[in-house]
Amino acid sequence: NLFGNNSYVYYYQSAFRPPDGWHLHGGAYEVVNVSTEFSNAGTTGCTAGAIYWSKNFSAASVAMTAPQNGMSWSTQEFCTAHCNFTDFVVFVTHCYKSGHGFCPLTGLIPQNYIRISAMKNSSLFYNLTVAVTKYPRFKSLQCVNNMTSVYLNGDLVFTSNETKDVSAAGVHFKAGGPITYKVMREVKALAYFVNGTAQDVILCDGSPTGLLACQYNTGNFSDGFYPFTNSSLVKEKFIVYRESSVNTTLELTNFTFSNVSNATPNTGGVQTIQLYQTITAQSGYYNLNFSFLSSFIYKASDYMYGSYHPRCKFRLETINNGLWFNSLSVSLGYGPIQGGCKQSVFENRATCCYAYSYNGPSLCKGVYRGELTKSFECGLLVFVTKTDGSRIQIRNEPLTLTQHNYNNITLDRCVEYNIYGRVGQGFITNVTNYAINYNYLADGGMAILDTSGAIDIFVVQGEYGLNYYKVNPCEDVNQQFVVSGGKLVGILTSRNETGSQPLENQFYIKIINGTRRSRR
């Protein structure tokens, strides 16, 4: 029934004619999401012979239904409905107009006829023209992934040998709505056939009725108890940490510069200044030790004399104060304090240059044309080549990162867990009120193990003391359905759940209208 928002549809091939009785078969589609739309056309009407409106989906099936009396094939009501299977689009439309701009996809369609077409890469590869006497009004269009089937008013009007999910669908209309969009998932179904026709259908959807019928492959049960298993779909995961916080100290690479004895003076120009102790930093954290500079005198920039570092807003003595770089290279050189730094920067030997005096001899040659043979005081030149960024940090101490761990424990449902490094699946319950002080707890006094080595009970430090939790199997091996009067009326389980009633050493959960009460 496409007109029920909480219902399903069931399709089976016409050649599928099993003997009378219950048969497990695919082809059922269950509604999982419903939305409505009242109009998406302009004031003058909708545009026929074109696809103008679409909604994105990723679904096994999408059904688009009009009100039960349907919509007329008119630009004042319905124009086009389509199913998009990613590689191609199937649509139904009408268009009794001629002239430029009309019927862009189909061309003129005769009056009192509709067109069902399929289009791939803007080219039509399937066309079916049908008289409106067969479909007097538009009532529904359903897109189904199985064989990319399309149903108009419940009739199969298109199919292919491909199976693809529905990626988009839509109805372009002016009035007569609303259009209801029903997104569906594919489920197996147990169908009861008589003379080759399905008379009753039970969905294998995880409901109590579906679990019972599909496990026993029948919908007819005599009174009694029926054990069953239900494989839980685990959707959640949590971690219980040993420590509330973990400190991680990152590696700090240390490099110490030292004075170079017997360094050779340059012989004229900056290109003859020899480089020493070059360090090129990679990604990470570094400490550069320039303590030997304490015996040198820093020379500030004075026109051509001294240091030159306008692109470096720091001194070498403060470079370890958390400065960030994208690339960094540092070298020592010995050259003339007069012009050595400034000309080195101008000739791209470095980004910045720092000059230091040690009252050295005047054995270094000049760096400017006309001064290449003149002698000047030699000094220590520190060359820095850098680009700004965040790959490299220069700092005094190793960086310590603190990760704070929070134990958010998911209770009363089947979850994947990592408890103090032990992983598995389980149904976690809080047993603090019933716990006793155990003498032996594994994993540093935090967990009790069962005979298989899996966690049975674990303890977590809470705000007001210790909290104890028990790990149960996700599936209750003792659970049984209760059938009375030919109907499913309850479940016997070993778990105490919300709304359950104690029954000797088990609990009874009453089932109303095929559904059960939720767990705590």
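Cβ from N, Cα, C; glycine included.
Residues Asn220, Asn262 are shown; Swiss-Prot lists N-linked glycosylation site for one of them, Asn220. Of the glycosylation sites Asn84, Asn195, Asn254, Asn289, Asn84 has the largest number of other Cβ atoms within 10 Å of its own Cβ. In this structure, the glycosylation sites Asn33, Asn146, Asn161 were compared by how many other Cβ atoms lie within 10 Å of their Cβ, and the smallest count belongs to Asn161. Looking at Asn220, Asn408, the glycosylation sites in this record, the fewest other C-beta atoms within 10 angstroms of the C-beta turn up around Asn408. Rounded to a whole value, the Cα-Cα separation of Asn195 (N-linked glycosylation site) and Asn220 (N-linked glycosylation site) is 18 Å. Annotated pair Asn408 (N-linked glycosylation site) and Asn254 (N-linked glycosylation site), C-alpha to C-alpha distance, rounded: 41 Å. In terms of Cα distance, the glycosylation sites that sit within 10 Å of Asn146 (N-linked glycosylation site) are Asn161, chosen from Asn33, Asn161, Asn220, Asn254.
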